[in-house]
Ligand SMILES: [Ca+2]
Ligand SMILES: [Ca+2]
Ligand SMILES: [Ca+2]
């Protein structure tokens with residue numbers, strides 16, 4: 001959140017943590033593009049004016065032991081030539097003929113996988129050439145099947161675009177008052193709401209505000225159910241989301257977050273049943289100012305050793321990311337945020353600790369007053385809940401933040417690991433960076449290796 005409660009929580013450094021989004025609704029973009037090619041026994045041949053086509057085909061047919069037929073004239077003036085068998089070298093010979101202008105293979109083209117979800121066209125962050133992650137090019141190869149992504153965040157809410165892709169998680173919030181579910185840790189990670197009825201509730205400078213449903217938004221970017229004719233699409237729509245609830249009213253304790261990291265990655269935490277479906281990827285769209293503490297690093301290192309890739313938001317302070325955890329911890333993939341044009345979003349952290357960039361959007365311009373939504377269509381559209389305090393019905397909304405950028409990378413990591421399951425976290429990180437494309441806009445301060453590219457990552 002961008003409100004003052006964010007600043008307050010940051011001031012108490014590592015003990016409390018806040019989410020890294022800035023509340024923000026939807027606009028059009030385009031989707032379809034041509035796809036991969038398949039060979040056929042057909043050729044598109046443009047003969048030179050006056051050339052004896054039949055003679056060319058007869059001679060080459062004899063030479064290659066194939067029967068060549070002149071099927072029809074094409075709109076371009078070229079002819080469609082059909083061979084009765086796949087003859088190696090035939091195309092080259094056609095092209096080399098002094099009576100042929102050009103000869104090219106006829107190929108089968110397929111539309112790239114584009115989801116039918118009605119709000120998909122508003123998700124510019126998946127497909128727009130400038131600031132999108134090139135999602136459609138990846139979805140023909142993999143949709144993330146077999147990979148669990150843990151969302152260490154505010155927990156889950158029931159949602160038609162998420163329920164089918166959600167596996168059992170856990171509620172790690174030890175404080176019953178912050179958890180708002182009447183107890184400490186328990187097996188139900190439902191997000192009970194993180195609203196603040198009055199200013200100052202979470203310390204000096206904290207403001208009143210509605211519930212964010214932050215974990216629901218992050219989860220939707222990673223793995224919203226696609227092609228169900230409902231709502232939005234996700235980056236890895238066949239991956240599963242596992243909610244480890246750590247953020248409640250006023251944020252979350254590091255001690256709860258580190259336990260969630262251990263558990264999500266398959267490690268054991270006293271008093272908590274073993275995780276039946278450990279995550280290959282962890283997303284942490286949360287953070288605070290200050291160094292990476294030993295406790296934090298130790299939990300992350302253990303997760304990475306267990307083979308879990310840890311993706312984190314770099315922070316929303318428009319500052320060097322080296323001063324913000326967990327982006328400044330070792331062995332994490334720290335993500336900066338770009339706007340729709342591919343420039344560094346005005347709030348995004350930057351610098352040498354940032355590994356990679358992803359779309360996080362801007363629902364207002366840098367010069368607009370905080371809390372306004374002058375450009376809601378330029379934010380990241382995902383799943384949400386309609387409740388202002390406690391959970392109500394499902395909803396969709398655009399948010400902006402490095403919180404929204406990180407789950408794009410976590411989703412692409414899931415696609416990558418689904419396609420190449422044997423990758424270590426270091427290999428997965430290297431692959432994400434190596435296949436990122438140059439930052440489309442401007443980020444002189446350093447936004448990492450480039451803009452994450454889903455299609456390039458899985459090809
Ligand atoms: Ca609880
Ligand atoms: Ca609970
Ligand atoms: Ca959907």
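Each Cβ is built from the backbone N, Cα and C atoms, and glycine gets one as well.
The signal peptide annotation in TrEMBL covers 1-26. What TrEMBL lists as domain 'Fervidolysin-like N-terminal prodomain' is 31-105. If you look up TrEMBL, you'll see 144-448 marked as domain 'Peptidase S8/S53'. What TrEMBL records for 153, 214, 403 is active site, charge relay system. Taken from TrEMBL, the feature region 'Disordered' covers 177-214, 366-386.
Features recorded in TrEMBL, as mapped to the structure shown.
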{"residue": "153", "record": "active site, charge relay system", "DSSP (3 states)": "strand"}
{"residue": "214", "record": "active site, charge relay system", "DSSP (3 states)": "helix"}
{"residue": "403", "record": "active site, charge relay system", "DSSP (3 states)": "helix"}
- Task: Sort out for me which one of 153, 403 has the most neighbouring CB atoms within 10 A, since those are the active-site residues we care about.
- Result: 403
- Cα-Cα separation of residue 153 (active site, charge relay system) and residue 214 (active site, charge relay system), in Å? 7
- Note on the structure: Expressed in Å to no decimal places, the gap between the Cα atoms of residue 214 (active site, charge relay system) and residue 403 (active site, charge relay system) is 9
- With DSSP helix as H/G/I and strand as E/B, how many residues of the region 'Disordered' (366-386) fall in helix, strand and coil? 3 helix, 6 strand, 12 coil
- residue 214 (active site, charge relay system) has how many other Cβ neighbours within 10 Å of its own Cβ? 28
